[in-house]
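K.L.:
According to TrEMBL, the protein has these features:
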| type | residues | note |
| --- | --- | --- |
| REGION | 1-89 | region 'Disordered' |
| COMPBIAS | 49-70 | compositional bias 'Polar residues' |
| ACT_SITE | His193 | active site, nucleophile |
| BINDING | Lys195, Lys437 | substrate binding site |
| ACT_SITE | His435 | active site, proton donor/acceptor |
| SITE | Ser469 | site 'Interaction with DNA' |
| REGION | 473-495 | region 'Disordered' |
Amino acid sequence: MESPNKRRRLADGRSTEASIGRQQRAAFLSSISRDISPPPSSRAPDSSTKASTSLTTPSSVIDANESMSKMQGAERKRTNEGANGTPHLVDSPFKLTTIRDLPASSNIDAVSLHDILGNPLIKEAWVFNFCFDIDWMMQCFDPDVRSMVQVKVIHGSWKREDPNKIAIDDACERWSNVDAASAYLPDPFGTHHSKMFILFTHDKQAEVIIHTANMLPKDWANMTQAVWRSGPLLKSDNKTQDLGEIGTGARFKYDLLQYLKAYKRLTKSVVEQLQNFDFSSVRGALVASVPCKIDNTQSKSTAMQHLWGYPQLREVISQTQQERSTARPQPSQPHLIAQVSSIATLHSDWLTTLVEAFSWAGGKPKKLPTLDIIYPTAINVAASLDGYAAGGSIHTKAESPAHLKQIEKLRPHLAQWTSEPSTTFRALRDTAAPHIKTYIQFNAKPTVDSLSKDEVAIEWALVTSANLSTQAWGSLPRKEDKSKSKSNSTKSDRVKEGMVHIQSFEIGVVVWPELFCEDSSDLSVRMVPVFGKDSPHQATDNGTNTSEIVVGIRMPYDLPTTSYKAGELPWSPHGTYKEPDSKGKTWN
């Protein structure tokens, strides 16, 4: 069913927020008596230079303030198009990162780390991630302020001998404005895998950025990554923390604060600050994981028990079905593409449980989608810009009989990172090895014919740090041991029955078409894949209604997908590869 009132609040709040934000930022900049780098610019950069701007080195000069606000403005502008009889076009809420060794034509609308951290107005930055190169990261801040920005690093390397922890602590000695802390991980197999920035600026704004890249040079150079940005958030007097409805800014804020509270005392300061900001402009739902145990019979988050992992995913996907517009037909055979950079050892029934969570509606799974799992082969990695070296952060095991058995079970679903040479729907990232993680459900499996006829639609899309693993999404619920009678089982045993065990920190954002509806009952909405840029194309061949909103989702991979060939194995960094890669090197 539709939720017109909710969509009205989203649209109205977004417009008001933008106007106030521009006024406050302009007033602040005009009050500064000294020149800062980068200097203010009164006009937007020419479109021909847009791609090259995002490829600048940390020391380059760009108008970071303009870049930060332009992202929000571009989406609003496209949403308002259509008055002259053309569809309303909305840019992709997900962006790809720039690829250093690809031409500007392959980096249209892409963002660099300097685009995110280069704003000279940043006064405080919270950086959540897995691996860090602190010295390199600090070079991405504006040179005038990088020694003054208060940087808080949250990582998961708690062992004294961990090289990541040693490097972080050593760098903090060189940067007096950088503090680091390790998140508590109660399980030895859990990791702090979340990747997020929370930025606060001198002009009293904040921004949340959720992405897929480690804070390492190679992750931001030639690897495919994705970024979601909240856009500028303004101060608000409303500090209520009600759950709210999934898909609203209020609920996103609630879920984010609950996630941050899982770090306990480490994040007390950032929680207190974010409580003062208005999230009404945010369009998306947070799907995250924290180390915990959850009752699998619980269908919704409550004030007493928040859902995480695939139980939370189930709740969000169910909401997308409830909001589904009557103008958007139910697909007869949906198709899910899970694109990941790591596949763990999985229980035989676990993947089905996860796919069911992606198909949840009305307290039960709807018709299960067909499934592709995009994961690179050894040939895909060897042909990438960085060659085999790119595969160091792409993981699965393909050595033991148990590993090979799992691969054979997954083989009908496995698809390569690169496509057939004849593919015309190209993402221009086939040579940039994937560290990105996306889960996208289509109305049907994309084919050349359906793509050419503009018949492919997206039901929902998720960008996340979570790969295919029980540590990230949660284990299968523990079942009752039939060999024990209830009279003989302990209270502790009974509590564990039906519990989902999550071991890691993960974070991601889900979007779906109805989030972008305007305050108009005659507008239909659909979400479509876009290639090589963020905006959907104007012309359509399927009789598109001119009162339709078309939301783009930037594709990181080519379509249609290309299945593994007979005998092909997924890339494993533990393997030995004698065939020279793109750099002329082997791997052993």
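Note that Cβ sites are derived from N, Cα and C of the backbone, with glycine treated the same way.
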K.L.:
Any same-chain residues 6+ apart from Lys195 (substrate binding site) with CB under 8 Å of its CB? Would you list them in sequence order, or say none?
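P.N.:
Counting only residues 6 or more apart in sequence, the Cβ neighbours of Lys195 (substrate binding site) under 8 Å are Phe128, Asn129, Phe130, Ile210, His211, Thr212, Ala213, Asn214, Ser465, Ile507.
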K.L.:
Report, as a single number, how many Cβ atoms besides its own are within 10 Å of the Cβ of Ser469 (site 'Interaction with DNA').
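P.N.:
Here the count is 22.
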K.L.:
Could you give the Cα-Cα distance between Lys437 (substrate binding site) and the residue listed as 'active site, nucleophile', in whole Å?
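P.N.:
Between the alpha carbons of Lys437 (substrate binding site) and the residue listed as 'active site, nucleophile' there are 12 Å.
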K.L.:
For His435 (active site, proton donor/acceptor), write down the residues of its own chain that are at least 6 apart in sequence and whose Cβ falls under 8 Å from its Cβ; none is a fine answer.
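P.N.:
The list for His435 (active site, proton donor/acceptor) reads Thr212, Ala213, Asn214, Asp219, Met223, Thr224, Gln225, Ser341, Ser393, Ile394, given in order along the sequence.
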K.L.:
Specify the count of other C-beta atoms within 10 Å of the C-beta of Lys437 (substrate binding site).
P.N.:
26
K.L.:
In whole Å, how far does the CA atom of Ser469 (site 'Interaction with DNA') lie from that of the residue listed as 'active site, nucleophile'?
P.N.:
12
K.L.:
By a simple count, how many Cβ atoms lie within 10 Å of the Cβ of His193 (active site, nucleophile), its own Cβ left out?
P.N.:
25
